[in-house]
Amino acid sequence: MVPETMLNSGHRMPLLGMGTAAYPLSSSQLVESAVTAAIELGYRHFDTASAYQSEPPLGRAISEALRTGMISSRDELFVTTKLWPGHADPHLVVPALRDSLKALGLDYVDLYLIHFPGRFNLTETTFDVKKENVFPLDTQGTWQAMEECCRLGLAKSIGVSNFSCKKLSQVLDLATIPPAVNQVEMHPLWDQKRLREFCAEKGIHVSAYSPLGGKGAVWGSNAVLESEEIKQIAQAKGKSIAQICLRWAFEQGVSIIPKSFNKERLKENMEIFDWELSKDELQMMSTLPQNRIFSGDYLISEDGPFKSVSDVWDGEI
Ligand code: A2P
């Protein structure tokens, strides 16, 4: 039902997944029952991170789905998790993935991503990061350790998240295994056109996080779901604003991982594959004013690696 893409690693990835980042944190039971509902609805791709604290309930829901026969094999699922910057030290990478696998109750993840192009000298996985805890990423050492995760069979594919074209180039220059995915903020109000062109040229798949604007995440906003222009298209089309956003992203060739812990909305977010946006609608959407929602401004300091928002994104703002 959900189309797939072939990653440069030779593995397939469903183009729609369920996001699990929520702030304030949702109860573990709510996450588990939402994942179970999603599996019932046909979701086979799940996005988590050690920082979201959703690995244990996701793992429990998977184990229960296997026990009850909702899925017959773990291989039917595509599970992504991420390396928290507090563990982005070469010697901590493999142990961090092993901890994630333990929390998930899995032998491997389908995709392991460097969560952010920085290192925090904090081992706890909190979003409450102070400027003084932010250090540059050891790109070479960390990527080599990511490659080791692949060689050990702990991750089928590896990639990055929140990387600019410049930072991706640095990884490509030293990689033996190139990143399969760059997971970035993307929605109609931040269309990532330039980064998508760069990734297409390099064979790196782009995955859109916060495809609805991330309302309810640490960095989120209502701007996307309350956009008047998108609302007009949605009304004329008989679709919801969320469906217009998701269909738009799908038509740009990226994968989408909308977060919902609500069964009706999980279902609504799947119903985007049997209709399309017209040329006029796509044209209207291409004129929307562009603004990044997650700026990373709280990571900026005089003495740190990011002296401005522009530094975080290498001018891609
Ligand atoms: P909920 O979990 O209550 O459904 P993003 O994927 O951009 O991070 O956005 C997630 C936010 O959007 C969450 O607050 C989620 O709330 C909400 N959401 C997800 N799907 C829909 C939908 N179809 N319509 C409206 N809001 C949605």
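Note: Cβ is positioned from N, Cα and C throughout, glycine not excepted.
TrEMBL annotations:
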ACT_SITE  Y52  active site, proton donor
BINDING   H115  substrate binding site
DOMAIN    16-285  domain 'NADP-dependent oxidoreductase'
SITE      K82  site 'Lowers pKa of active site Tyr'
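The recorded positions listed here are K82, H115; among them, K82 has the most other Cβ atoms within 10 Å of its own Cβ. A distance of 5 Å separates the Cα atom of the residue listed as 'substrate binding site' from that of K82 (site 'Lowers pKa of active site Tyr'). Cβ contacts within 10 Å of Y52 (active site, proton donor), excluding its own Cβ and spanning all protein chains shown: 26. Cα of the residue listed as 'active site, proton donor' to Cα of K82 (site 'Lowers pKa of active site Tyr'): a distance of 10 Å. In the three-state DSSP assignment, the secondary structure recorded for H115 (substrate binding site) is coil.
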